[in-house]
Amino acid sequence: AQEQGTSPFPKHQETIKMDPSDQKIFTVIDYVIFAVLLAASMGIGLYYALSGGRQRTTQEFLMADRSMGCLPVSLSLIASFQSAVAIIGVPAEIYTHGTQYWFIGCAYILGLLIPAHIFIPVFYRLRVSSAYQYLELRFSKAVRICGTLTFIFQMVIYMGVCVYTPAFALNAVTGFELWGTVLATGLVCTLYTTLGGLKAVIWTDVFQTVVMFAGQLAVIVVGVQKTGGVADVWRKVWEGNRISGLDLNPDPTERHTFWTLGVGGVFLMLSLYGVNQAQVQRYLSSRTEKEAVRSCYMVFPSLQLALALSCVMGLVMFARYYMFIVCFPQMVIYFVMDMLHGLPGLPGLFIACLFSAALSTISSAFNSLATVTMEDLIKPQYPAMTEARATLLSKVLAMSYGLLCLAMAYLTHLMGDSVLQVALKIFGMVGGPILGLFCLGMFFPWANSIGALVGLCVGLVVAFWLGIGSILTRSTRPLPLECSANVTIAIQTAISLFFSQPSGLKRFYSLSYMWYSGFNCTTVILIGLIISFLTGPTKEEDVMPGTLYPLLGKLFCFLPEHLKKKLCCVTPLGQTVSEKIDLIAKNLATFIYNVFAVE
């Protein structure tokens, strides 16, 4: 509609600027519900600090004694991904641009199947504690350290976004001091993560996931009722062109199409669920490899439900303000308070929902950062460190990262993009090169450590060149249609944009942020392979067993065995200990049978 020069909004609209101060309607019940959330999270942390092994070993504090079942692990995987960024960002995206973003659900299929059948078996069978231990086993210690430092950088920045978003929301609806709220969020999360370790993090995630779904569902039910019912909501979103069809435009600079979301989103999901330490650590805390794989499968329907709830909330929000063009950066919060006005307890439930999402994501980050710092940077330097001292140091690290994220929240305050876009850009810019590094090691036997290091460095340089370039050129772009006070000017702006597409470097900077992960991952792989062949490719027999996944062998299964061997396509995946025992037992039984048969 924008490209054809017609307004996507109905006629006779008014432009309104929402004042969040009008909606500060927290009651005593709301404060009680919010306090219960924080108290319950702290209580779970205290429980695991005082029960079981009392977090006296790094194995218990960082890995939950590798004793978790698939249900709590799967809910924790959801909570780590479903942050306050998604709960606020996705409805705002749907309200502004329509339901095209919903197609990212297609990426969830491969984005979870590939980790379940490729990454989880490799990591679990190697019995690593940190995903980056794999990089040393496959390449070298230098590659491991570089991968660890890159991950730390990524998560510290992302934590700032996750802390700031719900704090801003609470400030908007209650008038609480913004930075006081940021401090409270960070400290509560830091304390229960430091006290209870990974077990506390996982079980608080389970509790917080239930609160998240309950809060979103309450807003949707009340919103539909106050807007006139399901039929009226559907009519308004249809007339307002908010139901998007399948956009097969192959242009990579288009912000959201089926290809950017369904294909580019796969790389984003792989960087999150395949090689991100926060998620890998949960897989590795499972009792068995099968439990870890099953937990990955169980994430899929829950993620689809979470996406559906966020998208439906955006549609209800559009139907509610159908006759207005809304200009308020945290309009989701305004909508929630508008809908839940006069219903004591429900505003508190939704704010608890936001904070549940934030706390689960942040606590996961703290724990994973403490793990990689301990396992990848400190323990290799001090191998004789006692278990008691290592556990104490792990807790200090978790607390230190908690305090560091508070500083990052201030930087988030200075960013101009939507919270959803900022978060996904961060994962694309940094997560993409990390994903490329792991793919280079697992799928390409010829890759060597020099190629891996150069590939990672070039990938990060290109990623930041692209990301910073897009931010600098963004300032020259016209305001979006939804925030133009004059609809005629908005239409003229849309027409001028249509006939003046970017070219050269500007077109490169206009690449959809959903392609960042895929583009940066591919850059690392290509540069890594080129450098590896120039410096002497690694021979298959020199690669540590179990660190390769026979992807090429499966893709080229039609080739003769001798050709596959020349192409290094026949390396088997490492076996689990139980599989090795079974194989030995079978061989022994066969040997005994043959001996007695001969006699």
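From the backbone N, Cα and C atoms, a Cβ is placed for every residue, glycine too.
Model, not experiment: these values are computed from the prediction.
Looking at 202-224, 317-339, the range tied to transmembrane segment in TrEMBL is 202-224. Within its own chain, the transmembrane segment (296-315) has Cβ neighbours under 8 Å at 70-71, 74-75, 77-78, 81-82, 86-87, 90-95, 99, 101-102, 104-105, 108-109, 112, 115-116, 120, 209, 212-213, 216-217, 219-220, 223, 233, 237, 242, 273, 283, 332, counting only residues six or more beyond its boundaries. Only sequence-distant pairs (6 or more apart) were considered; of these, fewer than three Cβ pairs between the transmembrane segment (28-50) and the transmembrane segment (392-411) are under 8 A, so the stretches are not in contact. The largest share of C-beta pairs under 8 angstroms with the transmembrane segment (256-275) comes from 102-124, of the ranges 102-124, 145-170, 349-372. Only sequence-distant pairs (6 or more apart) were considered; of these, at least three Cβ pairs between the transmembrane segment (176-195) and the transmembrane segment (392-411) are under 8 A, so the stretches are in contact. When Cβ-Cβ distances under 8 Å to the transmembrane segment (349-372) are tallied for each of 145-170, 392-411, 513-534, the top count falls to 145-170.
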